[in-house]
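Features as listed in Swiss-Prot:
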type     : residues                                                       : note
BINDING  : Gly782, Glu783, Ser784, Gly785, Ala786, Gly787, Lys788, Thr789 : ATP binding site
DOMAIN   : 33-273                                                         : domain 'ABC transporter 1'
DOMAIN   : 751-978                                                        : domain 'ABC transporter 2'
TRANSMEM : 421-443                                                        : transmembrane segment
TRANSMEM : 468-490                                                        : transmembrane segment
TRANSMEM : 497-519                                                        : transmembrane segment
TRANSMEM : 529-551                                                        : transmembrane segment
TRANSMEM : 558-575                                                        : transmembrane segment
TRANSMEM : 636-658                                                        : transmembrane segment
TRANSMEM : 1081-1103                                                      : transmembrane segment
TRANSMEM : 1107-1129                                                      : transmembrane segment
TRANSMEM : 1156-1178                                                      : transmembrane segment
TRANSMEM : 1193-1215                                                      : transmembrane segment
TRANSMEM : 1224-1246                                                      : transmembrane segment
TRANSMEM : 1346-1368                                                      : transmembrane segment
Amino acid sequence: MSISKYFTPVADGSLTFNGANIQFGADAQGESKKSYDAEDSMPNPANQLNDITFQAEAGEMVLVLGYPTSTLFKTLFHGKTSLSYSPPGSIKFKNNEFKSFSEKCPHQIIYNNEQDVHFPFLTVEQTIDFALSCKFDIPKGERDQIRNELLREFGLSHVLKTIVGNDFFRGVSGGERKRISIIETFIANGSVYLWDNSTKGLDSATALDFLEILRKMAKATRSVNLVRISQASDKIVDKFDKILMLSDSYQLFYGTVDECLTYFRDTLGIEKDPNDCIIEYLTSILNFQFKNKNLGNLSNSSSASVLKTATGEVTKYTYNSDFDLYDQWKHSSYYRNIKQQIQGSSIDDSIKEVDPSDVSPIFNIPLKKQLLFCTKRAFQRSLGDKAYMTAQFISVVIQSLVIGSLFYEIPLTTIGSYSRGSLTFFSILFFTFLSLADMPIAFQRQPVVKKQSQLHFYTNWVETLSTTVFDYCFKLCLVIVFSIILYFLAHLQYKAARFFIFLLFLSFYNFCMVSLFALTTLVAPTISVANLFAGILLLAIAMYASYVIYLKNMHPWFVWIAYLNPAMYAMEAILSNELYNLKLDCSETIVPRGPTYNDVPFSHKACAWQGATLGNDYVRGRDYLKQGLSYTYHHVWRNFGIIIGFLVFFIACTLFASQYIKPYFNKDEIERNNSRLTRWLPFLNKKRGTRSSARNDSKYVGIPKSHSVSSSSSSLSAVPYQISPSNKEMALNDYNEQPITETVETQKHIISWKNINYTVGTKKLINNASGFISSGLTALMGESGAGKTTLLNVLSQRVETGVVSGEILIDGHPLTDEDAFKRSIGFVQQQDLHLDLLSVKESLEISCLLRGDGDRAYLDTVSNLLKLPSDILVADLNPTQRKLLSIGVELVTKPSLLLFLDEPTSGLDAEAALTIVKFLKQLSLQGQAIFCTIHQPSKSVISHFDNIFLLKRGGECVFFGPMDDACGYFMSHDNTLVYDKEHDNPADFVIDAVGNSNSSAGKDTAEEALTLNKEAIDWSALWESSVEKKLVKKETARLEDDARASGVDYTTSLWKQPSYLQQLALITRRQYICTKRDMTYVMAKYCLNGGAGLFIGFSFWHIKHNIIGLQDSIFFCFMALCVSSPLINQIQDKALKTKEVYVAREARSNTYHWTVLLLSQSIIELPLALTSSTLFFVCAFFSCGFNNAGWSAGVFFLNYMLFAAYYSTLGLWLIYTAPNLQTAAVFVAFIYSFTASFCGVMQPYSLFPTFWKFMYRVSPYTYFVETFVSILLHNWEIKCDMSEMVPGQPLTGQSCGQFMEAFIEEYGGYLHNKNTFTVCAYCTYTVGDDFLKNENMSYDHVWRNFGIEWAFVGFNFFAMFAGYYLTYVARIWPKVFKIITKVIPHRGKKPVQN
């Protein structure tokens, strides 16, 4: 390869294991194979490999087989922290100890697994360009050349501008996404590559291309490549130089492919079935060892293998354990040769230790360029997520317009000064909530960042800093828009200096919050815990901003929080900037006032406002700031310096946390710890029945041996299937006598499709496809990106976008009842979407009860077949086991019409794949029609399929018929094709035949192929005019006529779907189980409520009966409502998991009605919200010293429980309406800020503009605040402090009582010294009800409000159902988003077919 010159691994490096006994560390375990404790069926990972001896030379590719392989790869990759081996064994790279080498040169060890994690909104071009930029410090033109050559080699040039996508956002196909992951790994430029099932999801031709490229790169760069592959053809195996075989605990062989076959077949006497490919043969040996079976069973019939000694004597040896095979290996000549080779290398003076100075640096580009490229990528990935970005922008614009108009032209009065303070506080609080909304998307980024940092594209803190740079830039734009609208609508001071100071402080305060909540996401293990931390931080920021509680009134034990709060410094600076030079008119708060006092000189009056002086009808802003709020204008620039200090500190902590604090990225590990915690707390999780005792690894429940099979497969219809004598044992030997599908529908139906076209935008993904499925097992094949998954989705009525044309017929009749059709089919998706906290049995059971006949005995049959212990949690399954569970979920429904499977064997080893296909074959023999996409099928696997439906890229059918006929068909039209029936795999042959014409020599497009092959055959056009196509049409018509003549309606054989109440009961029980086992979520919710209650209660400890106490009371209630925001975020994260499973899998299968999902989540969430809110009430209410009478406490508690119901239903409404979690978080911030603004706390009702007065009655917070405050302050006696008394001087000859009598009669309040003739001391309020009246509240409204609050809860319920319906049933949101994206064009092209 011309690009190999850019790759510089360690020269002539070799990886040597010399008798190594390897202990696996915790970092390496998790996704690998697990052994199970027979007593409790819980996972117990194997933790040691013994006496591993091999040497992989520079430039070699080694195929590693065996269950510990994945764990071994991870152990080597995490060598610094996980690798542990005991002497005298050793592991060396060149002549360096491997652990030392991995510490000094970690970037030389590259690991790639079967998981594909990418930023979904980046295009393929952006993704690859970023990787190249991080690893190669060369001119852009050369990087582009490398990119184009890599994309061309991997067949991705045609998707250059397409977004990558993921399981939930459509982009490139799954196979193409896998190739992107492989390219990234190539680019990592290491010396030792560990490829862990990296061909999962690739078709055989693409997998072969990958191995060819890998071989070229290995030879050219002299790198060492260890590869684990679950399924592979002999052509792929032949690409490897050596094979390493590992059992559970021991090495069984190392050598070339030919040596391996000779050793096991000739030396040990383990026969190889002629129809087995190499990897099937070797995997079967390993599987029999794992099942602790006798390897002799693989020979003719005896449990003993026949061996010849050196003297020619025939002996027998029985293998009872993997140790027996290990013992044979250790005494073999191959083992001695490896030991001699290793010994020779160790004494070879020419092989020197690796000098780190001779190795490329860990990061090939300087930090400055890392930051540049990461920042560019941060802009690209964020701007690509238009839904989230648009939601934030619209939220800011609407909020600024609404709040600006609410505070429209604030008067220059004392009351107006309160409004200015409220506006400042709201601005600060709004951007705090907006920063809080960024936490979900930060958690979603972490797996990608983890992967790329392990590939050493960049150092963690650089990526964090680049994200921070983008966030600051975007938030600055939002602050500018917000400030311009709000500032001038509210008529704050129209002076440039004042405006820019407002903008400056709000911007830098916002930056502080962005970094603070980013830090929270880095130190919290889960988003639930992050919301717990964020909730407490939010309360501290709001309460100790010195506005809710004035600085001088804070309790000494918490006053220090204010000085650690950036909001306090921003609040002081912004408000001081606004009020310092103002003169506030006091006409609205003069004491006394009214007609009686019109002629009284002002020297006898006073302004009832903090900072007022006797005899003045105004208050200077600076006096109000100093006396009322303890603010001073001279602190403005000091505060700016302090905020800068906070910002630097938060950034430094964030960078430190991202670099040195290892977050809990792995969701599976989190769930696994939840399950362990639950088991430690038995009162939270009662024992679920008896342990699974039926599981027996030595037996399968499956195909009965007595089942007769016969005949040929020449017809396209489902015909009796003949297993040849050589295959008969393979097909039946693994199964016992119990039938598995005695209740499967035996009546044959036919599903036919004619001229199916599917178009998304301007791109046609399926082009004029026709075919049919009756009974039988049909393979849907084609190269990656040909449209296989797309066709399955179209036929199964699962597509929700685009335009479908053509006909789909059931028994010759048009498909009309879509719901009945969905219930009659099963569909196994590529993505294994399950609820992690259910057990295997519970997952199967819910599918069986809701979609099947409820046959619980059949659950054990399927579970045993799939080798899945019933009581293990889904969270404890590795990826292979999750795939098996996905198949089981559909099998237990016993689909009566058709079973669709999308790559059911992807990621499974050869033996597991064969087991699954044999099971599918048995289903087909009993009348089940099965349509199945499959990648890389072996010869023995493909032999079980009756027919093949072959697609080429572009979604065009090129053949439909028996596999044997397919090979003849292609050879008859292309005399350059040669098929050897004895040795060639027919599946590989047909893929190669079509692929070579469509993408010759790895080219991406037909146009490129034609430039290399002028005579390329248009197989789709050839098929349309072929005799075989006419026979298909004829057979279709015959089967449709037979089905119509039978008069059997497939809907009559449907299992009776459970009633709505039964569905609700089942799903509610499932939700309860998942919630009960998610201890992180439950404890976080209780801790947040309890911690917030104590924090608020102690902050407002024993509120005094004075004026400040009145203000504290109303803000106490307001802060109690603020807790709802982080609690809603917790609820949404939890609800999202079940929503994703339902939308992506269960809804498409019509498992249960969509309203059941919403109701069940509400039924489980509400009691949890009520009980946790009870903890908040107990902690907060009684700490504040309010009226503790049973009546008051009881009514307050009752209303707070109703508030808990309100915020719970609000959170569910938003998460079930929003397209994703981050957008829902933005909606939460917007709605909270919107409703809280109109409740009368921030802006007195009397100052509401006429237009917005209706919103006071629309806001639910109005009624909650009024109810809570009224309960607290009703009949509450007020005793003003002397500093709160309004001074006044009575007229000559009058006492204070006489002078103030008329005023008090009209406005209330009391005189402290009514008999005095000098200076009067007037208190504004006598009882709390006076304050309530002034705030437009009344205790008499408590029960009226209670009813209105119920109405809001009811509205949330209605909105939740309506929102879900419009978004996911009627799909209004995608249409709206489509309009938005037309206004804001997307850089990526349309998605391609899968």
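Just so you know, glycine gets a Cβ as well, placed from its N, Cα and C.
Source: prediction; values computed, not measured.
Within its own chain, the transmembrane segment (558-575) has Cβ neighbours under 8 Å at 420-421, 424-425, 427-428, 432, 501-502, 505-506, 508-509, 512-513, 540-542, 544-547, 551, 625, 629, 631-632, 635-636, 639-640, 642-643, 646-647, 1098-1099, counting only residues six or more beyond its boundaries.
Two recorded stretches are said to be in contact when at least 3 C-beta pairs lie under 8 angstroms, sequence spacing 6 or more; the transmembrane segment (636-658) and the transmembrane segment (497-519) meet this definition.
Distant neighbours of the transmembrane segment (1156-1178): 1060, 1063-1064, 1067-1068, 1070-1072, 1075, 1082, 1085-1086, 1088-1090, 1092-1093, 1120, 1123, 1127, 1131, 1134-1135, 1138-1139, 1142, 1196-1197, 1200-1201, 1203-1205, 1207-1209, 1212, 1216, 1357, 1360-1361, 1364; these residues of the same chain sit at least 6 beyond its ends, with a Cβ under 8 Å from one of its Cβ atoms.
Ranking the binding-site residues Ser784, Thr789 by the number of CB atoms within 10 A of their own CB puts Ser784 at the top. Pairs of Cβ atoms less than 8 Å apart link the transmembrane segment (1193-1215) most often to 1346-1368, out of 497-519, 529-551, 1081-1103, 1107-1129, 1346-1368. Packing against the transmembrane segment (1346-1368) from elsewhere in the chain are residues 1143, 1147, 1154-1155, 1158, 1162, 1198-1199, 1202-1203, 1205-1206, 1209-1210, 1212-1214, 1216-1219, 1260, 1263-1264, 1267: each is 6 or more residues past its ends and has a CB under 8 Å from a CB in it.
Residues 433, 436, 439-440, 527, 531-532, 534-535, 538-539, 542-543, 548-550, 553, 1085, 1088-1089, 1092, 1096, 1099-1100, 1169, 1176, 1180, 1184, 1186, 1200, 1203, 1207-1208, 1210-1211, 1214, 1225, 1228-1229, 1232, 1236, 1239, 1241, 1261, 1264-1265, 1268-1269, 1272-1273, 1278, 1280-1281, 1284, 1323-1325, 1328, 1331, 1335 of the same chain, all 6+ positions outside the transmembrane segment (1107-1129), place their C-beta atoms under 8 angstroms from a C-beta of that stretch.
Within its own chain, the transmembrane segment (1081-1103) has Cβ neighbours under 8 Å at 526, 528-529, 531-532, 535-536, 539-540, 543-544, 549, 554-555, 557-558, 1075, 1109, 1112-1113, 1115-1116, 1119-1120, 1123, 1126-1127, 1130, 1133-1134, 1168-1169, 1172-1173, 1175-1186, counting only residues six or more beyond its boundaries. Across 421-443, 468-490, 497-519, 1224-1246, the stretch most heavily in contact with the transmembrane segment (529-551), judged by Cβ pairs under 8 Å, is 421-443. Here the transmembrane segment (1224-1246) has long-range neighbours at 388, 391-392, 395, 398-399, 402-403, 406-407, 415, 418-419, 422-423, 425-426, 429-430, 433-434, 436-440, 1114-1115, 1118, 1121-1122, 1124-1125, 1128-1129, 1132, 1210-1211, 1214-1215, 1217-1218, 1252-1253, 1255-1256, 1258-1262, 1264-1266, 1335-1337, meaning same-chain residues at least 6 beyond its ends whose C-beta is under 8 angstroms from one of its own. A sphere of 10 angstroms centred on the C-beta of Ala786 (ATP binding site) encloses 31 other C-beta atoms.
Counting same-chain residues at least six beyond the ends of the transmembrane segment (468-490), those with a Cβ under 8 angstroms from any Cβ of the stretch are 371, 375, 378-379, 382, 389, 392-393, 396-397, 399-401, 403-405, 407-410, 423, 427, 430-431, 434-435, 438, 499, 502-503, 506-507, 510-511, 514-515, 518, 651, 654. Residues 385, 388, 392, 395-396, 399, 403, 407, 410, 471, 475, 478-479, 482, 486, 490, 492, 506, 509-510, 513-514, 516-518, 520-521, 527, 530-531, 534, 538, 541-542, 545, 547-548, 567, 570-571, 574-575, 578, 629, 1125-1126, 1129, 1133, 1221-1222, 1224-1226, 1228-1229, 1232-1233, 1237, 1241-1243 of the same chain, all 6+ positions outside the transmembrane segment (421-443), place their C-beta atoms under 8 angstroms from a C-beta of that stretch. Averaged across the domain 'ABC transporter 1' (33-273), the predicted model reaches a pLDDT of 82. Around Lys788 (ATP binding site), taking its Cβ as the centre, 31 other Cβ atoms fall within 10 Å, counting all chains.
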